[in-house]
């Protein structure tokens with residue numbers, strides 16, 4: 001009928017979508033073909049066109065690692081033919097391009113690897129900007145381990161204070177106790193900040209308080225329990241820490257949690273580890289805990305059985 005808007009059927013929509021996808025695939029294949037023809041023609045000699053053509057492919061498919069290698073070879077060749085000022089411009093442009101890629105593909109290993117490679121070649125990488133980029137991305141996805149890895153890379157190669165990063169991880173774990181990456185980041189920087197045994201011991205005791213809040217809030221989440229396990233191993237390694245008394249106190253605290261969550265495996269598992277570490281408990285008592293864990297978590301039966309060798 002005239003004047004009546006035609007509504008597409010589901011079949012028509014699917015067909016239109018398929019045609020759109022085919023056009024995109026065809027366009028991508030043409031880009032790849034252009035790149036391969038250029039690479040063959042150049043025969044190991046690179047220029048700005050090398051970067052331009054390879055860029056078009058990577059914008060669509062950042063997992064094409066061969067092309068990232070190609071770009072690095074091109075840039076390495078430029079270091080032999082160009083002035084440093086020209087190279088710095090190339091590096092800056094590369095960082096801008098990579099940021100565009102990251103906005104679309106936040107978890108591509110090859111993008112992050114290439115970004116770090118470029119950053120180390122720059123005379124003055126803007127590390128603060130790098131950190132802000134990671135912070136921005138983590139606000140959208142707190143579990144993006146590429147961002148957390150990049151933050152560690154930044155801390156290693158810059159003068160950014162570890163204390164600031166510790167504060168950041170505190171904010172993140174308090175926002176979400178399930179943030180495994182934030183807990184892991186914490187474990188990697190604490191020993192670097194508190195280098196003296198006395199200082200580290202004092203901080204570790206504070207950390208037991210922090211993680212206690214976490215396990216009481218989210219007792220079934222593994223993140224904070226794994227961090228608790230790291231705290232136990234760390235305090236044990238500190239000379240004159242009187243760690244056995246600390247572990248006994250932890251054991252008492254976790255008993256209280258088990259009363260509230262009798263069917264939660266993590267506090268039960270942690271009591272087993274603590275009792276093995278403290279020593280002096282009856283073997284049958286520990287075997288009973290292992291049997292209880294196997295009932296609660298049969299998928300990890302073999303692991304729990306392996307703990308019998310430590311009793």
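Just so it is clear, glycine is given a Cβ too, placed from its N, Cα and C backbone atoms.
Annotation source Swiss-Prot lists coiled coil at 12-43, citing sequence analysis. Mean pLDDT for the coiled coil (12-43) in this predicted model: 85.
Each residue of the repeat 'PFTA 1' (49-82) gets a DSSP state, and the totals for helix, strand and coil are 29 helix, 0 strand, 5 coil. Taken from Swiss-Prot, the feature repeat 'PFTA 1' covers 49-82.
Residues or ranges marked as repeat 'PFTA 2' in Swiss-Prot: 93-126.
The repeat 'PFTA 3' annotation in Swiss-Prot covers 129-162.
Beyond the ends of the repeat 'PFTA 4' (164-197), by six or more residues, the same chain brings 135, 138, 142-145, 148, 151-152, 155, 203-204, 207, 210, 213-214, 217-218, 221-224, 226-227, 230, 234, 238-241 to within a C-beta distance below 8 angstroms of the stretch. Positions annotated as repeat 'PFTA 4' by Swiss-Prot: 164-197.
Residues or ranges marked as repeat 'PFTA 5' by Swiss-Prot: 206-239. Counting residues per DSSP class in helix, strand and coil order gives 28 helix, 0 strand, 6 coil for the repeat 'PFTA 5' (206-239).
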